[in-house]
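Single-structure report; data block below.
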Amino acid sequence: MNGTEAESETCSRSNSDPLVFFVNGKKIVEQNADPEMTLLTYLRRKLGLTGTKLGCAEGGCGACTVMLSQYHKLTGQLQHYAINACLAPICSLHLVAVTTVEGIGSVARKLHPVQERIAKAHGSQCGFCTPGIVMSMYALLRNNVIPKMSDVEEAFQGNLCRCTGYRPILEAYKTFTVEGAGCCGGKGRQNGCCKNGGNGVEEDTNESTSLFNAGEFAPLDPTQEVIFPPELVSLSKSQSSGTLLFRGERSVWLQPHSLDQFLQMKWKHPEARVVVGNTEVGIEVKFKNMLYPVILAPSHVPELNSVTHSESGIVFGAACTLSHMGAVLQQAVDKHPPEHTQVFLAILEQLRWFAGQQIRNVACVGGNIMTASPISDLNPVFMAAGCQLTLMDKDGSRVVQMDDGFFPSYRKTVVRPQEVLVSILIPFSQKTQFVSAFKQSPRREDDISIVTACMSVTFSPGTNVVQDLRLSYGGMAATTILATKTANSLLGRRWEAELLQEACSSLAEEMTLDPSAPGGMVTYRRTLALSLFYKFYLNTLQKLHQQGVSVDEVPSDCLSATDMFHQPMPSSVQIYQGVPKGQDQDDVVGRPLMHLSAMKQATGEAVYCDDVPLYENELYLALVTSSKANARILSIDKSAAESCPGVVCCVFAEDIPGCNVTGVVEYDETVLAHTHVTCVGHIIGAVVADTQLHAQRAVKAIKIQYQELEPIVTIQEAITAQSFYQPIRTLQRGDLLKGFKQADHILEGEMHMGGQEHFYLETNVTLAVPRGEDGEMEIFASTQSATKTQSTVAKVLGVPANRVVVRVKRMGGGFGGEESRTTILSTVVAVAANKLKRPVRCMLDRDEDMLITGGRHPFYGKYKVGFLNSGKVVALDVSYYSNAGNSLDLSLSVMERALFHMENAYSIANVRGRGFLCRTNLPSNTAFRGFGGPQGMLVAENWINDVALSLGKYSEEVRRLNLYKEGESTPYNQILDHVNLDRCWDECLSRSGYQERRAAVTLYNRQNRWTKRGLAMVPTKFGISFTAAFLNQAGALVHIYTDGSVLLTHGGTEMGQGLHTKMVQVAARILGIPCSKIHISETSTNTVPNTSPTAASASSDLNGAAVQNACEILMERLQPYKTRNPKGSWEDWVHSAYFDRVNLSTTGFYKTPDLGYDFDKNCGRVFHYFSYGVACSEVEIDCLTGAHKNLSTTIVMDVGHSLNPAIDIGQVEGAFMQGLGLYTLEELHYSPRGVLLTRGPGSYKIPAFGDIPTEFTVSLLRNAPNDKAIFASKAVGEPPLFLASSNFFAIKDAVTAARAESDLRGPFRLDSPASAERIRNACSDRFTKMCPPAEPGSFKLWSVRV
């Protein structure tokens, strides 16, 4: 089709060109390609390839990673690269080969080495992120057969995992690298290396250090990879030069193949959006409700992809991808002298942290400029370097310079509507020019900038006199700006201390921000503008000195401020107790058995809820939610929605056949809001349509009128309004007055701890299937609580629970977030399915899930602590306030656990704790790993840290002094036995080399002014049991079939924690058969009824004991046949029993004994036992930016006799990394009106691969059997999470050292999370004093601390 034909507005859909591409070697010809359909939707819904997952729909998590391969006519070469399928428009794939996780290997066929290694090295837990990680690694290996470890880390910058803690993934793939090829992971210890034939066990201590044997891995053979389709080479070579046209339901996609065609189209359609990588437009369409009727896709225009080297620099076509630009610039840096490549190096520094590899592979340099983002990473460099842009329209071209006039206003450029950006000239630098680029963001990898900057100074030759100066900032205004006033005032000045002082004073005046500016953090951002210039000043001073120019030498204690960040290669050690000598090989209890679903997860064959094949007449549901935090509903107009394409019906409260009242403990919620909404995200109704896209579009057409009421959003607002749920809990022991009188010192303090989003990789999903008779309904759900889902669905449908079957195969993570809040979706989907008598499905988008489901409770703690001169704490009075949200949910139990952990691991004679549940207009907060414990214990560690600071002692000394000892009593009067705190502490002290580290930290801090290191050791004591006694029960169902195979079902759900694997291990030991004979299919309410939620870390204990009970019953039935035929096989005994009419099926049951506590009397037994642990962490902070590095962590964890060391160590590491996010990184921002502002991985940052400690040691305490749980094991899911607070207090230790430089000593407040903003602001210095915060109450906050 030629350009003129393509432009015709009258073309019907039938005139669309056929879209030709290949998927896993199979040719696809799509006659009706829709520009608004993504590759991910096409793979999952059209082709049924469900291995590629939807995690966020914004290219921020990597779960949807696939590999694209293309033949380039000009070079004759193949190109392989990873992309995000959730952002890639299907129309962009013409003549492209797509490879998904299914295309490289399968369990049935053969696993690819990339799949095998991540599985066998225990790098897959819930498995939802695994296919994306596999494909990122696969794409890397297709381009580089033996990469370096740094290449692997770069490849994973766009992938997230919420379960594993990343370490086992890196160890698995280290075996492919230059550094690790052929290594078993035995850490080079004697007997620990597969090359020496060792088993990883040190015989003297029974210590094992190897979790997998790389000798079992299949080698990587590049010659066996999937070939690029030969037909695609032919098609690419013979591709016509005409324009392609794809017409969809609402938009048309025009793909020109020449610059002339492109210019004609832009002249004809000046309002059309230009798309290359779709990394920006895809977000706008998905999340900002934008519609672009005409899309121009010029990615195949040769001039836009060209790279030209000239005397003045390098010219990049505007469609050059960032990856390609980076590769070309790196080649130039290697080729040219350093003085010519200053600008190139600045761009490369920014590209290091620009999004993830998948984004850089498709995002183009022109798109980055034209998007005109005020926080662009690259535009400040282009502006500071004075890059030249070539613009064209059909009548000609012009060249403009990127200066302070290029961005006239927010998201606007001087480019005219009919013009296109053709190229950018990136200039060589001069010999006397120095350029530095900076980026500060909440997380180092794949994050959006808070402030970004580039600074360029040129000196008169041979002097330090400023000839030219450009200071460009992003994040300091509505556009990228130049600090022209400051720069001009410094021209002709010498680069010395006086210039620095004047520059900072001028920048403080020039770089002002409205206190209400979007993004908040105004004081921090203003301080950064100064701090980054100071870094540039020192950097330049150093370079001038190196060139022989006479300047002041950079003081030695300031040198570290000039260091660029370099990611050191992480190293790790895992230590656990080996199995006893002589243990049968078929008895896998205590062995590091691979997660039983790991291989299926690595190949994409593991079935999650949304992977269930579509039913023939299935419909899709989208939720209608409130946009107000507190309002009366005046009217709902659904007429426009009902007339939208594909819509079948709308569902509102009047459609509920049963009861609209629901809840978890109290029935204080509605399934669908009818007259009143109490939070933003409150579910009002739903739209049911033939596709997800149609349903979601129709939701936006529903008009709701509200009468808005004043919301209560924050804890402080709730305290002022006395808005609390009842009861207010009090826990007291001893005599407080006596204790405070006894104390030598009394200290008071407070702290706030922010909430946390669960960020399970699989969002909430439900598929409801009506069964056609007696009101029966089958629910497939991603839930930790099958029974609660069953009961709430039955209630809303008005049927008995026996009519509802809930089935859970597995979840892509849970962490407590899918314990109670999943029912808010399942009930609505069930109502719709019941109304229509058709299957209905809904999987929430990430932004919806984050908006409506709640998270970890934010806490505010106030304390008064009395202590002796020795540091011994003798009295504690603490009050906790939690932000419960708009319903009670599990908030009372969360607060009770916080109170049960208010002393953490410390023995205090006189103590009182009170807990207040704040009723606010936020979505109800809920269970989250640790369940109140991490909040209660953080406040405890804060006051013990304050005690140490006030006494001038190291906090570890005070902590050790106050640790519980055997036989002491808790505030709830439970006597402690088998207390392993001392053992954990001593081993951690030894393994971490604490004393040597402390000396080294002290020396480092003495020698460095602008970077400081901190060290902290923190213990934990975590009670194991549901605090609601009735939940401490479990059931199991075991069938033995006549072929000897065993089907096992229990009440727990699998969410990646390896519960099913452990249950199979338990059954295998008792039945005396290999694991391969035992299978767990799913968790369902029609096999094991009345189950407790899979929560409280107790699932292995409870369900393991129930499985044990059932298996022992069966073994008792089989015993007569074993006795008669002692040499017979398992199958022989089963056959004999069957023909003797013995029942080979039974249930098992277990309830935890002797539990029950009375708050009013403070008596009874709260917990069955306690898990103990200690962590020692070292960090380094940048006092100028607030950034920090996690240098080292050593964890010693008491898990009894581990059922499975690989799974347990994975749980320790995963919990630790989740805690690291909680205490140092993850931050939810709400507007003052209760609107969640952080609704996806773009704005809410969980830890990434680069956040793991550089040195990471996990040791499971040996010879510590626990007689209260299955096979002497202990719970492990939640207890380790709090140990990440060791990083928080190590940061606080480093900040203490920084404050001492300004002569600030003693206790100070540092709220959690210890974000870069909080760290920087706490490091009070001359720069922070130049940027004082605005007076509270004098402005409207962008976000509030809830």
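Residue positions begin at 1 at the first shown residue.
The backbone N, Cα and C atoms fix where each Cβ goes, glycine too.
According to TrEMBL, the active site, proton acceptor annotation covers GLU1278. Its Cβ placed at the centre, GLU1278 (active site, proton acceptor) has 29 other Cβ atoms within 10 Å.
Residues within less than 8 Å, Cβ to Cβ, of CYS86 ([2Fe-2S] cluster 1 binding site) and separated from it by at least 6 positions along the same chain comprise THR38, LEU39, LEU40, LEU54, GLY55, CYS56, ALA57, GLU58, GLY59, CYS64, GLY282. The [2Fe-2S] cluster 1 binding site annotation in TrEMBL covers CYS56, CYS61, CYS64, CYS86.
Under the heading [2Fe-2S] cluster 2 binding site, TrEMBL lists CYS126, CYS129, CYS161, CYS163.
Annotation comment: TrEMBL describes VAL274, VAL275, VAL276, GLY277, ASN278, THR279, GLU280, VAL281, PHE354, ASP377, LEU421, LYS439 as FAD binding site.
Taking Cβ-Cβ distances under 8 Å and a sequence separation of 6 or more, the neighbours of ALA1096 (Mo-molybdopterin binding site) in its chain are PHE931, ILE1024, SER1025, PHE1026, LEU1031, GLU1278. According to TrEMBL, the feature Mo-molybdopterin binding site maps to GLN784, PHE815, ARG929, ALA1096.
Of all Cβ atoms in the shown protein chains, 28 besides its own fall within 10 Å of the Cβ of ARG897 (substrate binding site). Residues or ranges marked as substrate binding site in TrEMBL: GLU819, ARG897, PHE931, THR1027.
The domain '2Fe-2S ferredoxin-type' (17-104) scores a mean pLDDT of 96 in the predicted structure. Here TrEMBL flags 17-104 as domain '2Fe-2S ferredoxin-type'.
The domain 'FAD-binding PCMH-type' annotation in TrEMBL covers 246-431.
Counting neighbouring Cβ atoms within 10 Å of each of the binding-site residues (CYS56, CYS61, CYS163), the lowest count belongs to CYS56. In this structure, the CA atom of VAL274 (FAD binding site) is 25 Å away from the CA atom of CYS61 ([2Fe-2S] cluster 1 binding site).
Taking the Cβ of THR1027 (substrate binding site) as reference, residues of its chain lying under 8 Å away and at least six apart in sequence are, in sequence order, SER893, GLU896, ARG897, PHE900, TYR1157, VAL1166. Fewest other C-beta atoms within 10 Å: among the binding-site residues PHE354, PHE815, PHE931, that description fits PHE354. Cα-Cα distance from ASN278 (FAD binding site) to CYS61 ([2Fe-2S] cluster 1 binding site): 16 Å (rounded to the nearest whole number).
With respect to their backbone Cα atoms, PHE815 (Mo-molybdopterin binding site) and CYS161 ([2Fe-2S] cluster 2 binding site) stand 13 Å from each other. For PHE354 (FAD binding site) paired with ARG929 (Mo-molybdopterin binding site), the C-alpha to C-alpha distance reads 31 Å. Highest local Cβ density among the binding-site residues CYS129, VAL274 belongs to CYS129, counted as other Cβ atoms within 10 Å over all protein chains shown. Annotation: no binding-site residues among CYS126, VAL276, GLU280, LEU421, GLN784, GLU819 have CA atoms within 10 angstroms of the CA of CYS61 ([2Fe-2S] cluster 1 binding site). Here the binding-site residues are GLU280, GLU819, and the one with the most other Cβ atoms within 10 Å of its Cβ is GLU819. Annotated pair CYS163 ([2Fe-2S] cluster 2 binding site) and ARG929 (Mo-molybdopterin binding site), C-alpha to C-alpha distance, rounded: 12 Å.
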